[in-house]
Amino acid sequence: MTRHHSAPRNLPRAQLYAERAFATLERFLHVEAVSGAVLLAAAAIALVWANSAFAHSYHALWHAPLSFRLGSYEFAQPLHFWINDALMTLFFLAVGMEIRREIHEGALSNFRQAALPLAAALGGVVAPALIYLAFNGQAPRSAGWAVPTATDIAFAVGVLALLGRAIPGNVRIFLLALAIIDDIIAVLIIAFFYSGGLDYSGFAVAALGIAIVLGLQRIGIGTAYAYVLPGAIVWTGLLMTGAHPTLAGVVLGLMTPVVPRRMREQPLEMMSRATRELAGWYQAQPAAESGAPTLPLRQLRVAQREILPPVVRVQAALHPWVAYAIMPLFALANAGVSLDGVDLAAGGSHWVMAGVAGALIVGKPAGVIAMSWLLVRLGWCRLPPGVTWGGIVLIGLLAGVGFTMSIFIAMLAFAGDANMLGAAKLGVLLGSLATAMLGLAWGAIYARRLRGASATRGTAQAPDSAHS
């Protein structure tokens with residue numbers, strides 16, 4: 001049988017440039033330091049915009065109504081609601097999936113491994129809450145006790161990434177585990193303390209959405225698009241209950257499978273067979289143009305999708321949207337505090353600002369370091385390999401970068417008091433910026449010490465190798 005091989009064609013130069021640019025952009029979007037910088041830039045723009053001559057346009061934009069109509073039914077809410085209560089659900093979905101992965105195979109997969117980050121996280125919640133309450137023990141200021149207890153994963157890890165590879169990998173893993181536990185605690189705080197009176201009829205709607213998700217998983221539906229509608233039902237149900245609807249993201253994230261679904265033919269086998277069929281088809285075809293068979297192409301797409309666990313696949317798809325669209329948009333919509341509009345003398349608002357900032361700068365690092373030291377001192381835990389006390393200090397400082405999550409909790413705590421909300425946001429911005437700068441400064445010292453210790457070990461080993 002005669003085999004026909006079509007001659008390779010040179011790709012157009014424009015296509016080559018486009019492919020290289022896309023590959024560069026894709027690598028760029030997965031650099032954690034870049035996402036932190038984008039988040040910081042969005043917050044800075046919001047702050048400048050809200051205090052400029054165009055401040056009216058800033059507030060008018062976020063209060064502009066956005067509605068959805070279906071027949072005679074209309075659901076209208078300001079743009080601010082759609083960002084904070086709808087888009088942020090995707091952020092919490094990513095958080096839920098990160099928690100699910102860590103419980104399955106990461107730093108939270110066994111208690112012995114998770115004990116020290118868990119204790120550090122608890123210390124990093126209790127200490128700042130107590131420091132805040134020391135400044136603000138009376139209502140309504142006391143409602144903000146949870147504001148400085150949170151850690152912004154993206155911002156904290158982004159700052160750590162700026163320090164480069166001199167920082168041991170286990171420091172990053174410890175910080176991630178601590179921040180994830182912090183997020184779990186923050187979600188529980190939102191659910192129990194900031195959800196208001198609950199209308200239990202909404203739980204039936206949320207339960208229906210969860211049942212549909214379980215049913216789709218049971219029959220082996222792998223495409224993420226099939227879960228959009230039941231996810232929306234869960235979100236609507238939680239909104240009806242009075243609980244914060246973004247918790248739907250956490251629920252769905254924790255339900256996302258961490259292993260590939262079972263198939264009659266394994267993805268690699270399907271991919272190999274479909275590739276052989278396509279190769280045979282191309283060899284059998286003359287140079288004349290004709291469409292490739294659709295079945296092997298469809299099987300290749302399915303195999304490519306199913307070779308990864310759903311939690312990894314969805315997380316990878318969500319990451320650029322969450323890091324470069326949703327979180328910066330949240331910062332842009334919420335970090336714009338009008339300095340003229342905040343009267344720090346009214347109602348003790350200056351104590352709210354001081355309490356939040358002081359709790360993030362002092363309480364968060366102190367709680368993380370003290371609890372870690374206590375458990376190691378008692379012999380209940382050991383520091384992870386490669387992590388020294390200098391690394392724990394760095395983790396404690398970066399845990400004080402509350403930013404996104406702290407602003408989110410502040411908006412729930414002071415929903416009815418714009419002045420105290422503004423003061424709390426100022427405290428979050430000042431505290432987060434201060435701990436980030438302190439973390440960078442200490443991280444540079446810590447990295448230099450590690451390099452010096454490594455060089456000393458290398459010098460000490462050199463004479464030994466010469467004598468051997």
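Placed from the backbone N, Cα and C atoms, the Cβ positions cover glycine too.
Because the structure is a prediction, the values reported are computed rather than measured.
What Swiss-Prot annotates here:
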TRANSMEM  28-48  transmembrane segment
TRANSMEM  79-99  transmembrane segment
TRANSMEM  115-135  transmembrane segment
TRANSMEM  143-163  transmembrane segment
TRANSMEM  173-193  transmembrane segment
TRANSMEM  196-216  transmembrane segment
TRANSMEM  219-239  transmembrane segment
TRANSMEM  240-260  transmembrane segment
TRANSMEM  317-337  transmembrane segment
TRANSMEM  356-376  transmembrane segment
TRANSMEM  392-412  transmembrane segment
TRANSMEM  426-446  transmembrane segment
Contact ranking winner - 115-135, 173-193, 196-216, 426-446 against the transmembrane segment (317-337), Cβ under 8 Å: 426-446
Which of 79-99, 143-163, 196-216, 240-260 contacts the transmembrane segment (426-446) most, counting Cβ pairs under 8 Å: 143-163
For the transmembrane segment (173-193), distant same-chain residues with Cβ under 8 A (at least six beyond the ends): 92, 95, 98-99, 102, 106-108, 114, 116-118, 120-122, 124-125, 146, 149-153, 156-157, 160, 243-244, 246-247, 250, 368, 384, 387, 391-392, 395, 398-399, 405, 409, 412
Selected stretch (most C-beta pairs under 8 A with the transmembrane segment (240-260)) from 79-99, 115-135, 196-216: 79-99
Long-range Cβ neighbours of the transmembrane segment (143-163) (under 8 Å; 6 or more residues past either end): 31-37, 39-40, 95, 98, 124-125, 128-129, 131-133, 136, 171-172, 175-176, 178-180, 182-183, 185-186, 189, 193-194, 323, 327, 352, 355-356, 359-360, 363-364, 394, 398-406, 408-410, 413-414, 420, 424, 427-428, 431-432, 436, 439-440, 443-444, 447
